Structures are given as C-alpha cells and as structure tokens.
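Engineer: Take a look at the following structure, please.
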Amino acid sequence: MAASLRDAGLRRSRVRDIVVEEFFAAAQHMSVEALLDRVRKRAPETGLSTVYRTLKVLVEHGFAAERDFGGAHTLFEPADTPHHDHAVCVACGRVIEFEDDALEAIQARVASSLGFEVTAHRLELYGRCPSCRAHAAR
C-alpha cells in the first residue's frame with residue numbers, strides 16, 4: 001500500500017502511515033471518529049483533522065470510498081471492496097453489508113426492460129436492526 005500511495009504522489013508521515021494502516025486493517029465501515037480512536041492507540045497526539053484529511057486524500061486518489069448514510073452518518077471503506085449493498089439502522093446507526101444475487105438479477109431485469117445500461121448502483125435499506133427492535137420490544 002505504501003508504494004501505491006507513493007506512486008500516487010501522496011506525502012507520507014508517521015501518523016499518516018498509521019491512519020492508512022488502521023483504516024485498511026479494519027474489517028468494517030469506519031467513521032472518522034472510530035478511525036481516530038484506533039489511531040490514537042498508536043499515536044495519541046493525532047487530531048481529528050489529520051484523520052479526516054488523510055481519508056479525503058484516500059478518496060480523491062481512489063483508495064477509499066465515502067458512503068453517506070444520511071446526515072452526519074458518513075462512513076469510509078476501501079474502494080476495492082467487492083460490490084455489496086447496505087442495511088442501515090436508523091436507531092443505532094449500525095450498517096450491515098449484504099449481497100443478494102436475486103436482488104441483483106431483479107435490478108438487471110428492470111434495467112434491461114427500460115433499455116438502460118447500468119454503470120453502477122447503490123442499494124440502501126433503512127430500518128431497525130434486530131438488536132434495536134429487541135430493545136424497543138422490552
């Protein structure tokens with residue numbers, strides 16, 4: 001990854017390297033704040049703006065994707081993550097990734113019936129996750 005960043009002309013620093021390492025080591029969507037928590041375990045002096053700027057640079061150079069799940073709920077993920085859709089809990093903010101071949105086939109069929117060539121798509125389902133539903137039922 002370091003070589004790819006260098007080839008893209010990105011300046012490197014110890015803290016930026018830690019931000020990048022922690023971002024790509026996470027096996028989930030990351031908010032700026034969650035990534036900052038991870039980074040501060042290794043570099044306590046790191047500020048929120050450093051993490052934010054580094055993520056923006058990764059997005060600008062195609063290494064990361066920014067996902068806006070409404071309002072202040074922006075998360076980041078590696079850009080090379082295979083295609084998937086999202087279920088977003090409106091109560092706790094949890095984002096669940098899922099893949100469904102049947103849904104993909106329906107979308108392809110609809111696009112074809114419209115004579116539409118799909119170049120990309122996003123599917124986001126908004127509702128309440130099982131944990132929040134169980135908590136509300138108590």
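Cβ from N, Cα, C; glycine included.
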Engineer: Say TrEMBL lists H83, D85, H121 as binding Fe cation: which of E66, E77, E104 is in the same site, per that record?
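Structural biologist: Given H83, D85, H121 bind Fe cation in TrEMBL, the matching entry from E66, E77, E104 is E104.
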Engineer: Kindly assign C89 (Zn(2+) binding site) to one of the three DSSP-derived states: helix, strand or coil.
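Structural biologist: Assignment for C89 (Zn(2+) binding site) reads strand.
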Engineer: May I ask for the distance between E104 (Fe cation binding site) and C129 (Zn(2+) binding site), taken between their Cα atoms and rounded to an integer number of Å?
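Structural biologist: Here the two Cα atoms lie 22 Å apart.
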Engineer: Given the binding-site residues H83, D85, H121, find the one whose Cα is closest in space to the Cα of C129 (Zn(2+) binding site).
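Structural biologist: Checking each of H83, D85, H121 against C129 (Zn(2+) binding site), the shortest Cα distance is to D85.
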